[in-house]
Amino acid sequence: MSEVTDKTVEFLLRHSASRRPPDIGSLKEKAFERVNWRDAFDRFQETERLTLWETKSELDGVDEGAYRVARDALFPFAVSGSQGAVSFGNRAGHKLREVMEATGVWEHLQRETSGQKGAVVFADVCGGPGAFSQALFEMSRQYKLRMRGFGMTLRNVRGLDWYSSLPLGKFLPTYGIDGTGDIFNLANIEALLSLTIRERLKLVVADGGFNVPFNIANYQETLSGRILFGQWLAALKLLRPGGCFILKLFDTFSPLSRALLYLSTYLYDRVHVVKPRHSRVVNSERYLVCLGFLGTPGPWMEYFEHCYQVGFSDNDSIPKIMPTSWVMEDKTFMKDLKQMNSTIASNQTLALKMVLAKLQPS
């Protein structure tokens, strides 16, 4: 059987240079077509998706402890805790370092702030307890950049309280207008914007997510649709021109994921998807990395806000945010997307088969 190892893989996403930006503003007056998260997929790369799902399902009856032992034996580099992440004390910090190094984010920030006084300001959205913020402060010294950060995460949720080690005076936790830190309330994002409107905010990182029950783990992508859109929208509101955005994703097979990735290619100068080495090859996690924020046209922002407040009215429904054909007809984008999806899915499927084989009695 072929084998695969944990390693960083990076993909560039582009739109066709000959295609005009989509007429997003024309969509505002149209009613949203919604589907349940179970039905929020189409036939796009269906074979790859279902093959991956079937392989995952073979693990349903496997003891979780035995699975972890087999997984960590095969892929020891990405183990949890201090064994695999001595410098940061967590794996998340290493994942952030790897995606930033693979795409040149630090060098971009250095160019953006060259000759300017003051700190580079970042926002950590849905970031509690602060692994990304902690890593940014640590890494910034290597690149001779001074940083200040603002954070928003859910309040009074176990495990999400901000690390006490985050530097006082350089990091400000915020919880929005209602004090909850919940980005599903657009007013909380607006409150964070009001705090940072005069700041040179050049980086937004977003690592939000939630535990998905094992029996519906295949639907993690669509179950996470609302929080993904909210973090993506927050970056559009908070970033200054030229800024960068890093967002944790899962699978990217659904129409919603395609639309967000496609729209990003018009909103930023350069768009990547990275599967970092410390993100286990056996899982679907990957990161959207956008460099060089270009600004959001007014009609686009109005529509995105409307979509967030009306289209994502609950956690069970996924809206169709733009016509599927607008994305599918762009041959350049679709070629890039298919290559990324196929590579990550095939590596993940093979890695899971390796774990299953190791679990078989000798």
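Including glycine, each Cβ sits where the backbone N, Cα and C put it.
If you look up Swiss-Prot, you'll see Lys248 marked as active site, proton acceptor, on the strength of sequence analysis. Around Lys248 (active site, proton acceptor), taking its Cβ as the centre, 24 other Cβ atoms fall within 10 Å, counting all chains.
Long-range neighbours of Asp207 (S-adenosyl-L-methionine binding site) (same chain, six or more residues apart, CB within less than 8 Å of its CB): Ala92, Asp124, Cys126, Gly127, Ala131, Phe132, Lys248. The S-adenosyl-L-methionine binding site annotation in Swiss-Prot covers Gly130, Asp207 and rests on sequence analysis.
The feature domain 'RrmJ-type SAM-dependent 2'-O-MTase' is assigned by Swiss-Prot to 87-294. In the predicted model, residues of the domain 'RrmJ-type SAM-dependent 2'-O-MTase' (87-294) average a pLDDT of 94.
If you draw a 10 Å sphere around the CB of Gly130 (S-adenosyl-L-methionine binding site), it holds 26 other CB atoms from the protein chains shown.
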